[in-house]
Amino acid sequence: MSRTLTSRQAEELHKSIIAYLAANNLQDSANAMRTELGLGEDAFDTATAKKYETLLEKKWTSVVRLQKKIMDLEAQTQTLQTELNSATPTSNRRGDPSSWLPAGPPRHVLQSHRTPINCVAFHPIFSSIASGDEDATIKIWDWEFGELERTVKGHTKAVLDLDYGGPKGHTLLASCSSDLTIKLWDPANEYQNIRTLPGHDHSVSAVRFIPSGAPGAPLSGNLLASASRDVTVRIWDVTTGYCVKTIRGHADWIRDVSPSLDGKYLLSTGNDRTVRLWDISVPNPEAKLVMIGHEHFVECCTFAPPAAYSHLATLAGVKKPPPASSTAEFMATGGRDKTIRLWDGRGNCIKTLIGHDNWVRGLVFHPSGKFLLSVSDDKTIRCWDLSQEGKCVKTVEGSHEHFITSLRWAPPIIKDKGPGEETNGDVGTPKKAATAPQDVQIRCVIATGSVDMSLRIFSR
């Protein structure tokens, strides 16, 4: 013992052991040890025993805590090493946007909401971001500077979803609510409410502007899709306020909708545990595919961008990926079964991503197509590498202090846009982005909203 402990440390240990034995009614053992060590009664009185009787237990629990911390740190080190190994030699977290992934701490923690945040949406051009909450308010922020710009009021119940888009040259903000309405706001006119769209018979869960360019759609750029607890998807003309199509097929609450990049297809998910793909370019849309596999309500859905086709084709066992000009080739969904599922254009589940410990609430593909990001009620952001068979290569722990309800990636910056190109109504991407990626500059900024009432910005 003398080889590892000093004389004073050894004496402290001996006294602690004697006091522990005495405190646990092992007096004979305590007396024997005291005798062996030559400690008389005067050297180990009642006051000394009281001082040392809990010291051994405290030391023991401290060791256990330290062991746990060491194990946690080793796990974090392993995760970081995995990230490092998966990076290309020339990639740089700060220099290569195609490999950038969010990391803590956030750039900004935006706080002003008084109730849980349900949704967030980036302006396609300016550094504005909107967030909606349970107390019927929408807040507009400058995500670049982390400042609140204004509070927008008009709904009478919880704001459930938000999206920027609309006719070319006239960006609008759409919001939907538990008050059964959709409202359109004009960012160019101090976010005045320019139109209210009634028609749904229950809470409106999701809204998405449909990108321009849908074949056979004379109102391209003017269309908005909505999903509701009334078990319908509706398509609206935002210039007139009329519902131009009502889509039925789900058997329960529809939670989310997502349009394809060309505006021809619409993806929907809900409480009936199905994922449905609709061709909305025809007068009477019918489900082209019904995908079944989730074991609980399906919370979110999104189409994969063409940049992800090569990785997803490999997962699907396809040697040649689909052409970048095609759409609705691959999709991703997340649900309350804690899983993310990747689907091909024939309705086959090509991969199930497991890792979250609670409901999956939001999904977004990395603009490079290599990664898929997800958020969950387990308070984490997870990054899945599609080039490594969907392996989780990064987990941003403690991203929020409560459930994470929403996730968005900032729209790209369009450079040297040529004549004839149009911006995507949702994120400002051009129709030709798939064939001319050099014109698109990735913005390494994501936003998350949470039940903890904060909006957080993660950026490079």
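One is the number of the first residue shown, and numbering goes on along the chain from there.
Placed from the backbone N, Cα and C atoms, the Cβ positions cover glycine too.
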Statement: Matching 61-88, 173-200, 313-340 to Swiss-Prot annotations, coiled coil lands on 61-88
Average model confidence [pLDDT] within the repeat 'WD 5' (293-354): 96
Message: Using DSSP, what is the helix/strand/coil residue split across the repeat 'WD 4' (249-288)?
response: 0 helix, 20 strand, 20 coil
